[in-house]
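Down below is the structure, laid out as structure tokens.
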Amino acid sequence: MSTGFFGDIQKIKYEGPDSTNPLAFRYYQPDEIVLGKRMEDHLRFAVAYWHTFTWPGGDPFGGQTFLRPWFEDTMKAAKLKADVAFEFFSLLGAPYYCFHDADVRPEGKNFAENTKNLNEIVDYFAEKQAATGTKLLWGTANLFSNRRYMSGAATNPDPDVFAFAAATVKTCIDATQKLGGENYVLWGGREGYETLLNTDLKRELDQLGRFLNLVVEYKHKIGFKGTILIEPKPQEPTKHQYDYDVATVYGFLKKHGLENEVKVNIEQGHAILAGHSFEHELALANALGIFGSIDMNRNDYQSGWDTDQFPNNVPEMALAYYHVLAGGGFKTGGTNFDSKLRRQSLDPADLLIGHIGGMDCCARGLKAAAKMIEDKALSQPLADRYAGWESVEAQKLFRGEYSLDEIANWVESKDVNPQPKSGKQELLENVVNRYV
């Protein structure tokens, strides 16, 4: 039954590239076969509950601009928000959604009341999922908004805050499992520091390691089959965040023996904040064996902060999905639109239009990436560039069968005098442009 929030808007349909209807897909066709699999199953789109339904439209210089009928901290309002959310998922045809606990339940006066409220809304969500067919991609706990977390959650100097955060994560993993969630995400927005003057780095990193081990231990204890994901971000809200980027997270996981237990949820905007391209973080995660999922939202390249805008750059999406596909595609992860409307976009239809544009952009990127893979447009030049390493002698060199002395003798006796070869960057950039 319609809530009336979206007026008379009907389910969004595919109308093709020539359509000028803003409430129609031009490129996203869920059932189109790409590399032998349905487009929907490749992309695994999810809607972010927080930015889509809880963000009030504020910024550092002004308050709320969105007037939503569910903007009250009551269970009645939470259920109305859920009604609108699941209507939205159905209109959009989004197969998945994601949430923080604080997005979906009213704030209680203590941990017990928070848990009671969460359990009640989870039961309501379960009914909604059964009625609509929408599934949970991942759940997570908000361990950064409440003032108790102003000095961190896992890394807080107060052990009571650590304990409260750990207990909250336990309830959120339970909720995720009950709803059939395929992943559980940890984002350490306050796990970092503002100044080293009051920060014991070693202690805080050790606390974070203990916290993550607790999560993994609990996952196995209850038989949760989903993937535990860490979402890297270099800063904001803290000056320096401990899960800075993919490389930093991998080093942390390796130190704590968790590199085979935890993977990464990579956000495009966070990669940019860390001084990387999105495809760099994706390629590195593949190389390290920790790729899990993505948050698909871009930043304004001039503002210098996390603006969480919908993707609209097809060449960027093509390279991103190239690395996703080259790594074998999503297993339990997917494409979560951690994107929010601009604060002047007040109409309910704007929520749909933003997601439609993002989904079309991703669909175009996916198809371009798939064609590049089919044609070996990038993989063949890459294989040719490193072909020298396939020789018998080079393989022995790589496997460590020669000592440094033996290598030096070999170079001298063979009069090895290598000459550089072109990297063909311009050619490869032109090749990519042919596909997008």
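Placement of Cβ uses the backbone N, Cα and C atoms for every residue, glycine included.
Counting every protein chain shown, 21 other Cβ atoms lie within 10 Å of the Cβ of His100 (active site). The DSSP secondary structure for His100 (active site) is strand. Per Swiss-Prot, active site is recorded for His100 (among others).
Annotation source Swiss-Prot lists active site at Asp103 (among others). The Cβ neighbour count for Asp103 (active site), using a 10 Å radius and every protein chain shown, is 23.
Per Swiss-Prot, Mg(2+) 1 binding site is recorded for Glu231, Glu267, Asp295, Asp338, and the stated evidence type is sequence analysis. Using a 10 Å radius centred on the Cβ of Glu267 (Mg(2+) 1 binding site) and all shown protein chains, the other Cβ atoms total 26. Secondary structure at Glu267 (Mg(2+) 1 binding site), as computed by DSSP, is strand.
The feature Mg(2+) 2 binding site is assigned by Swiss-Prot to Glu267, His270, Asp306, Asp308, with sequence analysis given as support. Residue environment of His270 (Mg(2+) 2 binding site) contains 29 other Cβ atoms, counted within 10 Å of its Cβ in all protein chains.
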Original post:
Within 8 Å of the centroid of the Cβ atoms of Glu267, His270, Asp306, Asp308, which other residues of that chain place their own Cβ, given that this set defines the recorded Mg(2+) 2 site?
Top reply: Lys233, Gln268, Gly269, Ile272, Leu273, Asp295, Asn297, Asn299, Asp338
**OP:** Quick one: of Glu231, Asp308, which of the binding-site residues has the smallest count of other CB atoms within 10 A?
**Re:** Asp308
Subject >> Number of other Cβ atoms within 10 Å of the Cβ of Asp306 (Mg(2+) 2 binding site) across all protein chains >> reply: 19
Subject >> Asp338 (Mg(2+) 1 binding site) CB neighbourhood, other CB atoms within 10 A >> reply: 26
Original post:
Given the recorded positions His100, Asp103, Glu231, Asp338, which lie close to Asp308 (Mg(2+) 2 binding site), meaning Cα to Cα within 10 A?
Top reply: Asp338
